[in-house]
Amino acid sequence: LTGVLDDCLCDIESIDDFNTFKIFPKIQKLQERDYFRYYKVNLKRPCPFWADDGHCSIKDCHVEPCPESKIPVGIKAGSSNKYSKVANNSKELEDCEQASKLGAVNSTLSNQSKEAFIDWARYDDSQDHFCELDDERSPDAQYVDLLLNPERYTGYKGPSAWRVWNSIYEENCFKPRSVYRPLNPLAPSRVWGLFVFFSWTGLCLEKRVFYKLISGLHASINLHLCANYLLEETWGKPRWGPNVKEFTRRFDPIETKGEGPRRLKNLYFLYLIELRALSKVAPYFERSVVDLYTGNGHEDAESKALLLEIFRDTKSFHMHFDEKSMFAGDKKGAKSLKEEFRLHFKNISRIMDCVGCDKCRLWGKLQTQGLGTALKILFSEKEIQSLPENSPSKGFQLTRQEIVALVNAFGR
C-alpha cells in the first residue's frame, strides 16, 4: 500500500515512519499502565434494535472481569459521589478525599471549585457525545483488564456478525452510491461474496469522512482478528498467531474485487483522525489540575509525563487532517449536517450492544467509544482552548472511561 490518501495531503509512507519510530512504542508502553489498562464496561446491555439471537458459546468469546482485589484503589474509588458534602465521619472523609483525586481533578481543589464541578456534573452534555456511554454505576458494569482479554479471532462469525455490520453500513452509514456490502449469508438464492463499485458522486466531504471512519474501524478489527487468529488447539492448549490466508481473503485486491486496498487506506485515514484529536486535546491534559489518578503517585506522574510526550510527538506531525474543512458551509446547513453525523455515529455505538461475542463486543464498544471521543474533541476546539487552568470546566470534560477508550482505540 503506497501513495497519497484521498481527502487529505498525507501519504502512507510518512504515516508508517512516524508511527513506527515515534508513536507506537510509547503508546504501547502507555497501554500497559494501570490507568489505561482497566476499562469499565457493561457487556450485558440488551440489543436495542432486534431480539437477541444468542451469545457466542465458544469459550474464547468469554471476557474475564477483573477481581475487586486487582483494581487499583484510585480507579476503584469511583466517581458517583466524588463531590458530595464532606461528612463528619472520618472514614467517609477519607473516602471522599480518596475519590476526589480520581480522573480529571486532584485533591487540591477549593470548595468553590468542587461546587462548580457539581454544577457541571448536573449539566446535560449529551449534545456533545457521539457515543452512547455505559452507565458506570450500573451493577452490570464491570472492570476488565484489557491486557488479559486481548482482541483476537474467537470464531464468532455468520448471520449474527453479518447482521451487525450490515445494520451499520446499510442503515447508519453515509455510503458511496453503488457500494454493495457483503450479501446476506442466510439467503440461499444468492452467492456469498462482495461486489463493490465506487462512485462518490453527490457525497459531500463530511459524509465521505464518516464512511471512511467506519470502514477504517472495520478494517482495524479485521486486521487484529487476522493477526491474532486461533490457528490450532491441541490438548486444550490454543495456539494463536497470524493467519495469512484469512488476511488475503479480507484484503487482497483480487480476492476482494479491488476493495481490500481501499479498506486499508481507510484504516490510515482513521489513524489520521485520531492522531489529530490527540494533538488537539493536549491543552486539556497539560493543566496541573488534571491527574491520571490510580493511587500510586510515582506511576501516575510517569503516566502523565509519557502521555504529554506523546502529545508533543503528535503536534510535530506535519501532515495532519484539516478538520476545519468539515461543516464549513452555511451555518444552518452545517449545524444540521453535524447533528446528523453525530446521531448516525451514536446509533452505531448502540449497535455494538448487539454483538453476540463478549470479547468482540468489548473491543467493538471500546474502539467505537474511542473514535466517538476523538470526534467530540475535534468539534470542541473552542471549548478546549478556553479551559481554566486550575478548575474544572463546564464547557469540555472527559470521563476516565473516554480517556481510556481514546488511548486504547488509537493503540489498536
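The backbone N, Cα and C atoms fix where each Cβ goes, and this holds for glycine too.
Annotations in TrEMBL come from automatic prediction, not curation.
As annotated by TrEMBL, disulfide bond applies to Cys56-Cys61 (among others).
Counted within 10 Å of its Cβ, the other Cβ atoms near His218 (FAD binding site) come to 18, all protein chains included. Residues annotated as FAD binding site in TrEMBL: Arg152, Thr154, Trp165, Ser215, His218, Arg250.
The annotation active site, nucleophile is assigned in TrEMBL to Cys357.
Taken from TrEMBL, the feature disulfide bond covers Cys357-Cys360 (among others).
Neighbour count (other Cβ atoms within 10 Å of the Cβ, all protein chains): 25 for Cys360 (disulfide bond). According to TrEMBL, the feature active site maps to Cys360.
The highest number of surrounding Cβ atoms within 10 Å, among the recorded positions Cys61, Cys357, is found at Cys357. Taking Cα separation as the measure, Arg250 (FAD binding site) is nearest to Cys360 of the recorded positions Cys61, Cys357, Cys360.
Rounded to a whole value, the Cα-Cα separation of His218 (FAD binding site) and Cys61 (disulfide bond) is 18 Å. Among the binding-site residues Thr154, Ser215, the residue whose Cβ has the fewest other Cβ atoms within 10 Å is Thr154.
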